[in-house]
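For 9-29, 47-67, 86-106, 144-164, 184-204, 230-250, the entry in Swiss-Prot reads transmembrane segment, with the evidence type sequence analysis.
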Amino acid sequence: MIDAILGNIIWMALITIGGVLISWSVHFVPVGGAPAAMAQATGIGTGTVQLAAGAGLTGLVSAGFMMNVTDNLPLILASGSVGAMIMIAVTMIVGSIVYVYGVGVVPSSAKVKVDPITKYRQDLYVSQGTEGHGLPTVSYVSGIIGGGLGGIGGSLVYYSLIEVGMSAGLEAVGVTNSVTGHELVAVAAIFAIGIFFVNAVIPSYNIGGTIEGFHDPKFKKWPKAVVSSLVASIMCAIVAVVAIAQLGGI
């Protein structure tokens, strides 16, 4: 077990970095929860973990697809990032259409008087008794940034786990077509998803309900979540590396 840990210390470090990126990314995603579902709060009307996991897992799938054709890490991370950003962007666009044309409210934030990006007044359009509604531009941009960071984090975790399995007994040296369809893909994906959920849940306790994006006062709490996720990711990395190494890459 000690040999497995020492032999894969670099990949464990990358897994930990990926987990920290995932945790940080959650704070960028505009989460409105149940109030947003009723257009009584700014953000997307679902939970923190669901949104983060949706974007991150889409990025993981994109990264896995890219690994069919190349073992270039920057390209794999870019693919995962873009995949996650597209997913969260489409989610926010559809949500905005429903809020504007279905509910009939103007996307606006109750956290700031002026949108930091468009400089449009927000307080004039916030309905009485609500904490904003819809997805103003600043929340949209923040969500895309969060999706990108989460996609990079998830891709980094998945790539590292694949490499751990490769070094544990598979013939191929890098991540190439020979990995496609192999059982190692399933095992690495399971661990990557697990690590992603762990690091998505921790910030949800830190946020405590809803958050509009990087302009929200709650965003300043991110260092606490990042430190907690750093510790959790180290533990997850140890378990994942030891398990995959003991299985000999399946």
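Every residue, even glycine, has its Cβ placed from backbone N, Cα and C.
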Near the transmembrane segment (47-67), which residues from the same chain, at least 6 beyond its ends, have a CB less than 8 A from one of its CBs? 22, 25-26, 29, 31, 33, 75-77, 79-88, 91, 146-147, 150-155, 158-159, 162, 175, 179, 185, 189, 192-193, 196-197, 200-201, 203-204, 207, 211
Between 86-106, 144-164, 184-204, who has the most Cβ pairs under 8 Å to the transmembrane segment (9-29)? 144-164
Contact set of the transmembrane segment (144-164) with the rest of its chain, CB cutoff 8 A exclusive, min separation 6+ beyond the ends, reads 8, 11-12, 14-15, 17-22, 24-29, 52, 55-60, 62-64, 67, 73, 76-77, 79-85, 87-89, 92, 175, 179, 184-185, 187-189, 191-192, 195-196, 199, 213-214, 240-241, 244-245
